[in-house]
Amino acid sequence: MKEVVVVDCIRTPMGRSKGGIFRNVRAETLSAHLMSKLIERNPNLDPNEIEDIIWGCVQQTKEQGFNIARNAQLLTDIPRSVAAVTVNRLCGSSMQALHDATSGIMSGRGDVYMIGGVEHMGHVPMDFNIDFHPGIAKTAARASGSMGMTAELLGRQNGISREMQDAFGARSHQKAHAAAVEGRWNEIVATEGHDADGILKLIDADETIRPDSTTESMSGLRPVFDPVNGTVTAGTSSALSDGASAMLIMSADKAKALGLTPRAKIRAMAVAGCDAAIMGFGPVPATQKALKRAGMTMADIELAEFNEAFAAQALSCIKQLGWLDTYEDKVNLNGGAIALGHPLGCSGSRISTTLINLMEANDKSIGLATMCIGLGQGIATVFERV
(Lines of atoms letter the chains of each structure in order from A and count residues from 1; the text may use other names and numbers.)
(Lines give C-alpha, C1' and ligand atoms only; values in the text may rest on other atoms or scores of the structure.)
Protein backbone atom coordinates (compact mmCIF):
# COMPACT_ATOMS: atom_id res chain seq x y z
CA MET A 1 0.00 0.00 0.00
CA LYS A 2 1.03 3.57 -0.57
CA GLU A 3 2.59 5.56 2.27
CA VAL A 4 0.46 8.57 3.22
CA VAL A 5 2.01 11.83 4.40
CA VAL A 6 0.82 15.16 5.75
CA VAL A 7 2.25 18.01 3.71
CA ASP A 8 0.55 20.94 5.44
CA CYS A 9 -1.85 21.56 8.30
CA ILE A 10 -3.44 24.78 9.53
CA ARG A 11 -6.34 26.17 11.54
CA THR A 12 -8.24 29.35 12.22
CA PRO A 13 -8.08 31.07 15.59
CA MET A 14 -10.71 29.79 17.99
CA GLY A 15 -13.52 32.25 18.66
CA ARG A 16 -15.94 32.29 21.55
CA SER A 17 -19.34 31.07 20.49
CA LYS A 18 -21.21 33.72 22.48
CA GLY A 19 -20.66 37.05 20.71
CA GLY A 20 -17.12 36.17 19.69
CA ILE A 21 -14.83 37.14 16.83
CA PHE A 22 -16.70 34.97 14.32
CA ARG A 23 -20.21 36.06 15.32
CA ASN A 24 -20.67 37.59 11.85
CA VAL A 25 -18.63 35.00 9.91
CA ARG A 26 -20.24 31.85 8.55
CA ALA A 27 -18.96 28.30 8.84
CA GLU A 28 -18.61 27.99 5.06
CA THR A 29 -16.45 31.13 5.02
CA LEU A 30 -14.10 29.78 7.69
CA SER A 31 -13.80 26.52 5.75
CA ALA A 32 -13.28 28.17 2.37
CA HIS A 33 -10.57 30.39 3.85
CA LEU A 34 -8.52 27.38 4.94
CA MET A 35 -9.08 25.53 1.67
CA SER A 36 -7.75 28.55 -0.22
CA LYS A 37 -4.82 28.97 2.15
CA LEU A 38 -3.67 25.39 1.65
CA ILE A 39 -3.56 25.98 -2.10
CA GLU A 40 -1.78 29.32 -1.65
CA ARG A 41 0.81 27.83 0.71
CA ASN A 42 1.62 24.95 -1.65
CA PRO A 43 2.07 26.46 -5.13
CA ASN A 44 3.70 23.30 -6.49
CA LEU A 45 0.35 21.55 -6.26
CA ASP A 46 -2.03 21.79 -9.20
CA PRO A 47 -5.49 21.94 -7.52
CA ASN A 48 -6.84 19.80 -10.36
CA GLU A 49 -4.93 16.88 -8.83
CA ILE A 50 -7.00 16.89 -5.64
CA GLU A 51 -9.15 13.78 -5.66
CA ASP A 52 -11.59 14.85 -2.97
CA ILE A 53 -12.16 17.36 -0.20
CA ILE A 54 -13.43 15.59 2.92
CA TRP A 55 -14.79 17.87 5.63
CA GLY A 56 -16.02 17.02 9.10
CA CYS A 57 -19.08 18.72 10.55
CA VAL A 58 -21.54 17.55 13.19
CA GLN A 59 -24.56 19.84 13.11
CA GLN A 60 -25.25 19.60 9.39
CA THR A 61 -28.14 22.03 9.24
CA LYS A 62 -28.68 25.74 8.60
CA GLU A 63 -25.41 27.21 7.25
CA GLN A 64 -23.65 23.91 7.94
CA GLY A 65 -26.13 21.81 6.01
CA PHE A 66 -26.46 20.53 2.45
CA ASN A 67 -22.86 19.28 2.20
CA ILE A 68 -20.90 22.17 3.67
CA ALA A 69 -17.70 20.78 2.12
CA ARG A 70 -19.00 21.48 -1.37
CA ASN A 71 -20.63 24.75 -0.37
CA ALA A 72 -17.32 25.98 1.04
CA GLN A 73 -15.39 24.75 -1.99
CA LEU A 74 -17.69 26.74 -4.27
CA LEU A 75 -16.52 29.88 -2.46
CA THR A 76 -12.93 29.17 -3.57
CA ASP A 77 -11.03 28.95 -6.85
CA ILE A 78 -10.53 25.20 -6.47
CA PRO A 79 -11.68 23.63 -9.76
CA ARG A 80 -15.27 22.44 -9.85
CA SER A 81 -14.01 19.10 -11.17
CA VAL A 82 -12.67 18.39 -7.67
CA ALA A 83 -15.18 16.53 -5.51
CA ALA A 84 -16.17 17.35 -1.92
CA VAL A 85 -18.05 15.49 0.81
CA THR A 86 -19.02 16.11 4.43
CA VAL A 87 -18.61 13.38 7.05
CA ASN A 88 -19.99 13.02 10.55
CA ARG A 89 -18.56 10.93 13.39
CA LEU A 90 -19.63 13.55 15.92
CA CYS A 91 -16.56 14.81 17.83
CA GLY A 92 -14.23 12.71 15.66
CA SER A 93 -15.54 13.97 12.33
CA SER A 94 -12.44 15.66 10.93
CA MET A 95 -10.18 12.88 12.15
CA GLN A 96 -12.56 10.54 10.34
CA ALA A 97 -12.03 12.74 7.28
CA LEU A 98 -8.29 12.14 7.68
CA HIS A 99 -8.83 8.39 7.98
CA ASP A 100 -11.11 8.28 4.95
CA ALA A 101 -8.61 10.20 2.83
CA THR A 102 -5.72 8.05 4.04
CA SER A 103 -7.65 4.91 3.14
CA GLY A 104 -8.41 6.39 -0.27
CA ILE A 105 -4.74 7.00 -1.00
CA MET A 106 -3.65 3.63 0.35
CA SER A 107 -6.16 1.84 -1.86
CA GLY A 108 -5.26 3.76 -5.01
CA ARG A 109 -8.26 6.09 -5.14
CA GLY A 110 -6.27 9.22 -5.83
CA ASP A 111 -2.99 10.63 -4.58
CA VAL A 112 -4.02 14.01 -3.14
CA TYR A 113 -6.77 14.87 -0.66
CA MET A 114 -7.70 17.96 1.30
CA ILE A 115 -9.35 17.26 4.64
CA GLY A 116 -10.58 19.31 7.54
CA GLY A 117 -13.57 20.28 9.56
CA VAL A 118 -15.60 23.11 10.99
CA GLU A 119 -18.18 23.86 13.62
CA HIS A 120 -19.79 27.23 14.30
CA MET A 121 -21.33 26.51 17.67
CA GLY A 122 -22.49 30.10 17.98
CA HIS A 123 -24.63 29.90 14.84
CA VAL A 124 -25.64 26.24 15.12
CA PRO A 125 -25.69 25.14 18.78
CA MET A 126 -24.68 21.61 19.69
CA ASP A 127 -28.19 20.66 20.77
CA PHE A 128 -30.03 22.38 17.91
CA ASN A 129 -33.02 20.26 16.80
CA ILE A 130 -31.71 17.12 18.48
CA ASP A 131 -34.48 14.53 18.76
CA PHE A 132 -33.33 11.30 20.39
CA HIS A 133 -35.48 8.24 19.81
CA PRO A 134 -37.59 7.81 22.97
CA GLY A 135 -36.97 4.07 22.90
CA ILE A 136 -33.23 4.50 23.38
CA ALA A 137 -33.85 4.68 27.14
CA LYS A 138 -34.56 0.94 26.99
CA THR A 139 -31.15 0.09 25.56
CA ALA A 140 -28.81 2.84 26.83
CA ALA A 141 -28.37 4.65 30.13
CA ARG A 142 -30.01 8.05 30.53
CA ALA A 143 -26.59 9.65 30.89
CA SER A 144 -25.69 8.63 27.33
CA GLY A 145 -27.25 11.77 25.87
CA SER A 146 -25.62 14.13 28.39
CA MET A 147 -21.92 14.49 27.69
CA GLY A 148 -21.30 16.12 31.06
CA MET A 149 -22.91 13.25 32.93
CA THR A 150 -20.82 10.73 31.00
CA ALA A 151 -17.75 12.63 32.21
CA GLU A 152 -19.05 12.51 35.79
CA LEU A 153 -19.52 8.74 35.57
CA LEU A 154 -16.13 8.11 33.97
CA GLY A 155 -14.35 10.33 36.48
CA ARG A 156 -15.93 8.47 39.40
CA GLN A 157 -14.98 5.10 37.94
CA ASN A 158 -11.36 6.16 37.65
CA GLY A 159 -10.96 8.06 40.91
CA ILE A 160 -10.39 11.43 39.23
CA SER A 161 -10.87 13.93 42.05
CA ARG A 162 -12.22 17.47 41.81
CA GLU A 163 -8.75 18.77 42.68
CA MET A 164 -7.14 16.82 39.83
CA GLN A 165 -9.71 18.18 37.41
CA ASP A 166 -9.26 21.78 38.55
CA ALA A 167 -5.48 21.52 38.18
CA PHE A 168 -5.83 20.01 34.71
CA GLY A 169 -8.25 22.73 33.62
CA ALA A 170 -5.94 25.49 34.82
CA ARG A 171 -3.00 23.76 33.14
CA SER A 172 -4.79 23.85 29.79
CA HIS A 173 -5.28 27.62 29.92
CA GLN A 174 -1.79 28.30 31.26
CA LYS A 175 -0.08 26.23 28.60
CA ALA A 176 -2.22 27.66 25.80
CA HIS A 177 -1.48 31.18 27.02
CA ALA A 178 2.26 30.47 27.22
CA ALA A 179 2.18 29.14 23.66
CA ALA A 180 0.46 32.34 22.52
CA VAL A 181 2.89 34.65 24.35
CA GLU A 182 5.90 32.72 23.04
CA GLY A 183 4.59 32.63 19.46
CA ARG A 184 4.25 28.85 19.32
CA TRP A 185 0.80 28.76 17.69
CA ASN A 186 2.37 28.78 14.24
CA GLU A 187 -0.48 26.64 12.89
CA ILE A 188 -2.92 29.58 13.05
CA VAL A 189 -3.62 31.44 9.81
CA ALA A 190 -4.98 34.95 10.18
CA THR A 191 -8.72 34.93 9.54
CA GLU A 192 -11.22 37.75 9.14
CA GLY A 193 -13.40 38.38 12.17
CA HIS A 194 -14.89 41.25 14.15
CA ASP A 195 -13.50 42.75 17.33
CA ALA A 196 -15.61 43.82 20.30
CA ASP A 197 -16.42 47.12 18.55
CA GLY A 198 -17.62 45.35 15.41
CA ILE A 199 -14.59 46.33 13.34
CA LEU A 200 -13.56 43.79 10.70
CA LYS A 201 -9.99 42.65 11.30
CA LEU A 202 -7.57 39.87 10.52
CA ILE A 203 -7.50 37.80 13.70
CA ASP A 204 -4.45 35.67 14.44
CA ALA A 205 -4.92 34.72 18.09
CA ASP A 206 -7.32 32.49 19.97
CA GLU A 207 -10.05 34.36 21.79
CA THR A 208 -10.97 31.57 24.18
CA ILE A 209 -7.87 31.35 26.40
CA ARG A 210 -8.23 32.66 29.97
CA PRO A 211 -4.68 33.54 31.14
CA ASP A 212 -5.79 34.22 34.72
CA SER A 213 -7.07 30.69 35.27
CA THR A 214 -5.58 28.96 38.30
CA THR A 215 -6.37 25.85 40.27
CA GLU A 216 -7.72 28.12 43.00
CA SER A 217 -10.05 30.01 40.66
CA MET A 218 -11.26 26.74 39.19
CA SER A 219 -12.03 25.38 42.65
CA GLY A 220 -14.61 28.11 43.22
CA LEU A 221 -16.83 26.99 40.33
CA ARG A 222 -19.95 24.93 40.97
CA PRO A 223 -20.61 21.56 39.32
CA VAL A 224 -22.95 22.03 36.37
CA PHE A 225 -24.15 18.56 35.41
CA ASP A 226 -24.64 17.02 38.86
CA PRO A 227 -25.05 20.00 41.22
CA VAL A 228 -25.34 17.86 44.36
CA ASN A 229 -22.60 15.24 44.04
CA GLY A 230 -20.73 16.25 40.88
CA THR A 231 -17.18 17.40 40.21
CA VAL A 232 -17.34 18.56 36.58
CA THR A 233 -17.60 22.35 36.20
CA ALA A 234 -17.70 24.77 33.30
CA GLY A 235 -14.02 25.42 33.94
CA THR A 236 -13.08 21.78 33.50
CA SER A 237 -15.24 21.29 30.41
CA SER A 238 -14.25 22.16 26.85
CA ALA A 239 -15.27 25.69 25.94
CA LEU A 240 -17.95 26.42 23.36
CA SER A 241 -16.10 27.85 20.38
CA ASP A 242 -16.17 28.44 16.63
CA GLY A 243 -13.36 27.38 14.33
CA ALA A 244 -12.04 25.34 11.43
CA SER A 245 -8.94 23.27 10.67
CA ALA A 246 -7.51 21.70 7.53
CA MET A 247 -4.77 19.39 6.27
CA LEU A 248 -3.26 18.59 2.89
CA ILE A 249 -2.35 14.92 2.58
CA MET A 250 -0.98 12.85 -0.28
CA SER A 251 1.00 9.78 -1.12
CA ALA A 252 4.70 10.02 -0.31
CA ASP A 253 5.50 9.42 -3.98
CA LYS A 254 3.29 12.33 -5.08
CA ALA A 255 4.84 14.65 -2.50
CA LYS A 256 8.30 13.72 -3.77
CA ALA A 257 7.27 14.23 -7.39
CA LEU A 258 5.90 17.69 -6.58
CA GLY A 259 8.95 18.69 -4.55
CA LEU A 260 6.87 19.06 -1.39
CA THR A 261 8.38 18.21 1.98
CA PRO A 262 6.26 15.84 4.08
CA ARG A 263 5.86 16.79 7.72
CA ALA A 264 4.59 13.47 9.04
CA LYS A 265 3.28 10.15 7.85
CA ILE A 266 0.26 8.20 9.03
CA ARG A 267 1.49 5.11 10.86
CA ALA A 268 -1.83 3.70 12.06
CA MET A 269 -5.51 4.55 12.53
CA ALA A 270 -8.37 3.08 14.52
CA VAL A 271 -11.88 3.64 15.77
CA ALA A 272 -13.62 1.79 18.59
CA GLY A 273 -16.87 1.72 20.48
CA CYS A 274 -17.62 1.69 24.20
CA ASP A 275 -20.62 2.04 26.51
CA ALA A 276 -22.40 5.27 25.61
CA ALA A 277 -22.81 6.15 29.30
CA ILE A 278 -19.02 6.48 29.57
CA MET A 279 -18.45 7.73 26.04
CA GLY A 280 -15.25 9.46 27.14
CA PHE A 281 -13.54 6.09 27.52
CA GLY A 282 -13.45 5.66 23.73
CA PRO A 283 -9.84 6.85 23.22
CA VAL A 284 -8.55 3.91 25.25
CA PRO A 285 -9.68 1.03 22.99
CA ALA A 286 -9.13 3.15 19.87
CA THR A 287 -5.56 3.92 20.93
CA GLN A 288 -4.88 0.30 21.83
CA LYS A 289 -6.06 -0.85 18.40
CA ALA A 290 -4.01 1.81 16.59
CA LEU A 291 -0.87 0.97 18.56
CA LYS A 292 -1.28 -2.73 17.85
CA ARG A 293 -1.57 -1.99 14.13
CA ALA A 294 1.57 0.15 14.31
CA GLY A 295 3.45 -2.54 16.24
CA MET A 296 3.91 -0.16 19.16
CA THR A 297 3.00 0.40 22.80
CA MET A 298 2.41 3.59 24.77
CA ALA A 299 6.11 3.48 25.64
CA ASP A 300 6.86 4.32 22.00
CA ILE A 301 4.69 7.46 22.02
CA GLU A 302 6.76 10.58 22.64
CA LEU A 303 4.00 13.20 22.48
CA ALA A 304 0.22 12.94 22.53
CA GLU A 305 -2.85 15.08 22.05
CA PHE A 306 -5.87 13.96 24.05
CA ASN A 307 -8.89 16.05 23.16
CA GLU A 308 -9.98 17.69 26.38
CA ALA A 309 -13.72 17.20 26.20
CA PHE A 310 -13.64 17.27 30.00
CA ALA A 311 -10.76 17.12 32.46
CA ALA A 312 -12.38 14.09 34.12
CA GLN A 313 -12.60 12.35 30.77
CA ALA A 314 -9.07 13.15 29.54
CA LEU A 315 -7.47 12.21 32.86
CA SER A 316 -9.42 8.95 32.97
CA CYS A 317 -8.09 7.95 29.56
CA ILE A 318 -4.56 9.04 30.42
CA LYS A 319 -4.80 6.89 33.56
CA GLN A 320 -6.20 3.87 31.71
CA LEU A 321 -3.36 4.07 29.19
CA GLY A 322 -0.77 4.13 31.99
CA TRP A 323 0.41 7.71 31.76
CA LEU A 324 -1.19 9.43 34.76
CA ASP A 325 2.13 9.80 36.60
CA THR A 326 4.15 10.85 33.55
CA TYR A 327 1.80 12.84 31.28
CA GLU A 328 2.96 16.32 32.23
CA ASP A 329 5.78 16.46 29.67
CA LYS A 330 4.02 14.42 26.98
CA VAL A 331 0.35 15.41 26.76
CA ASN A 332 -1.20 18.59 25.35
CA LEU A 333 1.91 20.72 25.73
CA ASN A 334 0.11 23.76 24.31
CA GLY A 335 -3.05 23.17 26.29
CA GLY A 336 -6.18 21.75 24.75
CA ALA A 337 -9.90 22.05 24.27
CA ILE A 338 -10.57 23.32 27.80
CA ALA A 339 -8.68 26.46 26.75
CA LEU A 340 -9.32 26.49 23.00
CA GLY A 341 -12.79 25.00 22.89
CA HIS A 342 -14.07 21.99 21.03
CA PRO A 343 -15.78 23.07 17.78
CA LEU A 344 -17.06 19.58 17.16
CA GLY A 345 -16.34 19.03 13.47
CA CYS A 346 -13.04 20.90 13.65
CA SER A 347 -11.29 19.23 16.58
CA GLY A 348 -9.97 16.02 15.02
CA SER A 349 -7.75 17.69 12.46
CA ARG A 350 -7.06 20.53 14.93
CA ILE A 351 -5.45 18.24 17.50
CA SER A 352 -3.59 16.42 14.72
CA THR A 353 -2.27 19.73 13.44
CA THR A 354 -1.22 20.82 16.92
CA LEU A 355 0.49 17.48 17.48
CA ILE A 356 2.53 17.68 14.27
CA ASN A 357 3.68 21.21 15.14
CA LEU A 358 4.67 20.11 18.64
CA MET A 359 6.54 17.08 17.31
CA GLU A 360 8.56 19.39 15.07
CA ALA A 361 9.16 21.98 17.79
CA ASN A 362 10.30 19.35 20.30
CA ASP A 363 12.15 17.12 17.81
CA LYS A 364 10.01 14.08 18.55
CA SER A 365 9.37 11.26 16.10
CA ILE A 366 6.22 9.41 17.20
CA GLY A 367 2.97 11.05 18.24
CA LEU A 368 -0.60 10.08 19.08
CA ALA A 369 -3.80 12.07 18.54
CA THR A 370 -6.95 10.65 20.08
CA MET A 371 -10.39 11.75 21.13
CA CYS A 372 -13.65 10.58 22.62
CA ILE A 373 -16.86 10.69 20.63
CA GLY A 374 -20.41 11.22 21.81
CA LEU A 375 -22.63 8.14 22.17
CA GLY A 376 -19.66 5.93 22.97
CA GLN A 377 -16.84 5.86 20.43
CA GLY A 378 -13.18 6.74 20.19
CA ILE A 379 -10.78 7.50 17.37
CA ALA A 380 -6.98 7.54 17.26
CA THR A 381 -4.16 8.24 14.81
CA VAL A 382 -0.46 7.50 15.19
CA PHE A 383 1.86 9.89 13.34
CA GLU A 384 5.57 9.62 12.58
CA ARG A 385 7.75 12.53 11.51
CA VAL A 386 9.59 12.13 8.23
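Note: Cβ is positioned from N, Cα and C throughout, glycine not excepted.
According to Swiss-Prot, the protein carries these features:
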{"type": "ACT_SITE", "residues": "CYS91", "note": "active site, acyl-thioester intermediate"}
{"type": "ACT_SITE", "residues": "HIS342", "note": "active site, proton acceptor"}
{"type": "ACT_SITE", "residues": "CYS372", "note": "active site, proton acceptor"}
Within 10 Å of the Cβ of HIS342 (active site, proton acceptor), how many other Cβ atoms can be counted across all chains shown?
28
DSSP on CYS372 (active site, proton acceptor), three-state: which is it?
strand
According to DSSP, does HIS342 (active site, proton acceptor) sit in a helix, a strand, or coil?
coil
Hey, what's the Cβ neighbour count for CYS91 (active site, acyl-thioester intermediate) at 10 Å?
33
